[in-house]
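**Q** Have a look at this one before I ask anything.
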């Protein structure tokens, strides 16, 4: 009981203590996160093992993305009189290490903040890491394959190439053999313009970040908080600045930037939805990943406690987005969710609120023959027992 009360106390109300649900972790929070028993470690390890196939896929995807980045591009013919590739070569305004650093770092740092100062849930952090690494890996594969297959010259390609032309430029198309540039890596990079890697990487990671922040701040709570809009807007605006810098320094055509931005945003959304529900779904808790893949009885005991839905109170587990949340956090959710049929069926099946009602789902076997217990109790306030009209008892 004390553990449950400490857990509820540490998760502050949206409207009372803390800012938008954040609170400083106390001693019990740190114990819950890091100082766990051997039994709890075994249970968490069992949960992690269900995601080992995802980690294998993640490693293969990111390795393949790096491999395709090493391969050279298609040697496409070009015209020396093409003015779109005659711009001067300039230093990149945004260094090459910034997009992957921001793309991987922004979602992980955001998840760490929510882990320590709000959710205290390792399952949420784990799903965030899986989602962003899979998204960025897929984005690297798509970007590098298309770059090498298209082989489009960059706007500064002639300056990179330094063609050996002593007379007037020939009227026919030429290829890379007219170039005097001895640094082949530098020359090949000049043929990998479409799509923009800076744009795709930044939009992939920062779209994921924007969705994560919007969901965990509950953008769809139907209360119109300005800070939630700003939190959703800032990552996308930063990605836009990184993308348009590639046209300002003449490293990409505008078509390259547009294509990279759209592709990165789509893959970032795809990676997020792999482990998290839609931020526009009013029927689930959007700030939680999908339920873990092991029976509830074997999940890590992340604060099983009495939770609230309006005047109803439900016993639920903390890591399930299809379960209702704590009474404090429930205050920030739309009423359409609070009594929505997507919450446990035992709640939605209650058709009358004229008296105190209770329902329980007792032990039932799961797919492996083991049993688990999910208890639900509903309590209705006395005011709601009054008839709504004189004909209510007819």
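Just so you know, glycine gets a Cβ as well, placed from its N, Cα and C.
Just lifted these from TrEMBL, have a look:
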type     : residues : note
COMPBIAS : 346-360  : compositional bias 'Low complexity'
COMPBIAS : 372-394  : compositional bias 'Polar residues'
DOMAIN   : 129-272  : domain 'Phosphatidic acid phosphatase type 2/haloperoxidase'
REGION   : 346-394  : region 'Disordered'
TRANSMEM : 51-71    : transmembrane segment
TRANSMEM : 97-117   : transmembrane segment
TRANSMEM : 129-146  : transmembrane segment
TRANSMEM : 194-214  : transmembrane segment
TRANSMEM : 226-245  : transmembrane segment
TRANSMEM : 257-276  : transmembrane segment
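For each listed feature, how buried is it and what is near it?
**A** Helix, strand and coil content of the domain 'Phosphatidic acid phosphatase type 2/haloperoxidase' (129-272), in residues and according to DSSP, is 98 helix, 3 strand, 43 coil.
Listed as Cβ neighbours of the transmembrane segment (97-117) (distance under 8 Å, sequence separation of 6 or more from its ends, same chain) are residues 22-25, 33, 124-125, 128-129, 131-133, 136, 197-198, 201-202, 204-206, 208-209, 212-213, 216, 235, 238, 242.
Here the transmembrane segment (129-146) has Cβ contacts under 8 Å with residues 51, 54-55, 57-58, 61-62, 64-66, 68-69, 71, 100, 103-104, 107-108, 111, 194-195, 197, 200-201, 204-205, 208, 260, 263-264, 267-268, 270-272, 274-276 of the same chain, all six or more residues outside its ends.
Tertiary neighbourhood of the transmembrane segment (194-214): same-chain residues 94, 96, 98-100, 102-107, 110-111, 128, 131-132, 135-136, 139-140, 142-144, 146-147, 150, 152, 228, 231-236, 238-239, 242-243, 245-246, 252-253, 255-265, 267-269, 271-272, 276, 279, selected by CB-CB distance under 8 Å and a gap of 6+ residues from either end.
When Cβ-Cβ distances below 8 Å are used as the criterion, the transmembrane segment (257-276) is approached by residues 127-128, 130-132, 134-136, 138-139, 142-143, 194-208, 211-212, 215, 239-240, 243-244, 246-247, 286, 288-290, 321 of the same chain, each at least six residues removed from its ends.
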**Q** Which bits of the chain, at least 6 residues beyond where the transmembrane segment (51-71) starts or stops, bring a Cβ under 8 A of a Cβ in it?
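**A** Tertiary neighbours of the transmembrane segment (51-71) are 126, 130, 133-134, 136-141, 144-145, 148, 293.
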**Q** Which whole number is the mean pLDDT over the domain 'Phosphatidic acid phosphatase type 2/haloperoxidase' (129-272)?
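**A** Overall, the domain 'Phosphatidic acid phosphatase type 2/haloperoxidase' (129-272) comes to a mean pLDDT of 91.
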